[in-house]
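Single-structure report; data block below.
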Amino acid sequence: MHLLAILFCALWSAVLAENSDDYDLMYVNLDNEIDNGLHPTEDPTPCACGQEHSEWDKLFIMLENSQMRERMLLQATDDVLRGELQRLREELGRLAESLARPCAPGAPAEARLTSALDELLQATRDAGRRLARMEGAEAQRPEEAGRALAAVLEELRQTRADLHAVQGWAARSWLPAGCETAILFPMRSKKIFGSVHPVRPMRLESFSACIWVKATDVLNKTILFSYGTKRNPYEIQLYLSYQSIVFVVGGEENKLVAEAMVSLGRWTHLCGTWNSEEGLTSLWVNGELAATTVEMATGHIVPEGGILQIGQEKNGCCVGGGFDETLAFSGRLTGFNIWDSVLSNEEIRETGGAESCHIRGNIVGWGVTEIQPHGGAQYVS
């Protein structure tokens, strides 16, 4: 619409110019509108600036100016668009070339990757379907699963019971760790015992005594070892009273008891310690403190010259006399040691450890001190 109005005005001005001689066409210097970079070398022709323009003249001048501006604007826009289009074509061409070069050889790899992904997807779907079928089957058979689980648990219980049985058999049949021999007391008899001959005198102001015991039968008083003199047959005693352990120093009135610590048919490691200065007395069972007391036989000194025996108590001075069948031990003894000092807690634990029978006392040392069996007692391995 705007273009039609411009054309109409242009035709109308041409008709008026032909029929009228009164109007002189005036050309206006447009250098002030658009600077084309050309500057005149001569002075411009002076115009009749003082002449008044009619309304039509002003209209024509405005039309000419607007047409020129429009043509120049269209030309500039066309130039800009052409340049931009050319630049875009060049960039697209370069991009196409760069993409074409690496993609051409990579097409087979891309095809292989696509195929592998398809296979993986299919395998995943198949696995999901199989899992769903398994879950469905498992949901349909809860009772069967429960029975299978119960059978496994029962088998585990039986295995545990078998293991306990084997451990019990080993405890009954084997010697303690590190011990190669033991003395067997086959029955209770006043003739069955073992006589011990210390390597040093038994004059003691403190001592520690340890022994491994496996009893087959226990009464109210079953002697493990006993040391006594003619004056006092009960200087030192360690004996069993059913499942309890009794430790005596200086007489039967001085005793320490550890309740319910022994099981028949099983090896048990026992230690007793005592010192005269404080009367501190302790009983240890399998490396653990079972009982302790103070002021027991304080100031007492164990005299030398007595008789030391295992498996029996001698309450007389003469050979062959003073034995009591009810006091006799039946079972096995090993690892009997006596020290003339109080062992530390760690040392006591070591005497019942893997090398227990290789740790020897300085008064009585198992394996080096003479221990003579009597009346049917014998060394076994």
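Here the Cβ of each residue, glycine as well, is placed from N, Cα and C on the backbone.
Record note: among 143-167, 168-192, 243-267, 143-167 is the stretch given as coiled coil by Swiss-Prot.
For Cys271, the disulfide partner named by Swiss-Prot from the candidate list Cys210, Cys318, Cys357 is Cys210.
Which of 74-101, 214-241, 326-353, 354-381 counts as coiled coil depends on Swiss-Prot, and there it is 74-101. Looking only at Cα atoms, Cys210 (disulfide bond) sits nearest to Cys357 among the recorded positions Cys179, Asn220, Cys357.
Ranking the disulfide-bonded residues Cys179, Cys271, Cys357 by the distance of their Cα atoms from the Cα of Asn220 (N-linked glycosylation site) places Cys271 first. Taking the Cβ of Cys271 (disulfide bond) as centre and 10 Å as the limit, one finds 25 other Cβ atoms among all the protein chains shown. If you take every residue in the coiled coil (143-167) and average the pLDDT, you get 72.
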